[in-house]
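Annotated features, as they stand in TrEMBL:
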- 311-326: compositional bias 'Polar residues' (COMPBIAS)
- 18-139: domain 'VHS' (DOMAIN)
- 158-246: domain 'GAT' (DOMAIN)
- 262-339: region 'Disordered' (REGION)
């Protein structure tokens, strides 16, 4: 039986899928090109599904993993075109056969479990996708007895669903953290001691670590864009938080500097006033009485008649009551100078 029916003519989609499933790692630029080609043609979805269905049943585990990854990308990015192809009867039969295999490679098992969980979450309630639901159930039943599969499967399965929830959780945490910061004055309160702010800060840090882990494993471009945007919102909040911490530190240092300056200035003024107080203590209060006590040097006229500087016409000042009436000195008595 030929791979393609007479109604389908191979296009560049076939060549791109062959190239994408040939290497060891998936070329995401080529995968997005395949998605664009499927969305722009009427029969591209069927062409891609039939070839990838064949690759999915290959004996090469690496080819199987790459085919499942491309199928999952088409289901996410070409929903309107590719959704009906997942409900195809032959595809459902091969999917169930692969899920029932007991010799499946561990890498293929993990990728198939991830794809089935994603498709089951999208179309599990639709009766047209009964094959996907049966394959999903058989995968879960086969996982239980195998060692080491039960713990790893929920982590791989939950990742595509949890990524979007983690993105919303990170955005909500960033919004609450930002609002709490906006109502706090860092010049008045130390935000590092605010319990509510520290609680939101811790939640945002946990959300950032979770986003970083998703970025390491996520392969969907839309989801990666959402992760980056949410991480940018968290970074903006952390920047505001650091700026408020710095503002509080600067304000506290300014207040301490002003307090120290005022204290030092008061001490200097007090020391300058002490010499003036000491001088005031040395100066007597009654200056008039002390002035009379200070001896003054007055000129006393000489009574020597031979004093060249004496004024013989000066009237001596009375020093007592006995000499008060003597206004003139006694007359000189002539004496014989030579015998």
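Note: Cβ is positioned from N, Cα and C throughout, glycine not excepted.
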Item to check | Structural state census, the domain 'VHS' (18-139) (DSSP three-state) | outcome: 95 helix, 0 strand, 27 coil
Checklist outcome for this item: Restricted to the domain 'VHS' (18-139), the mean pLDDT of the model is 88
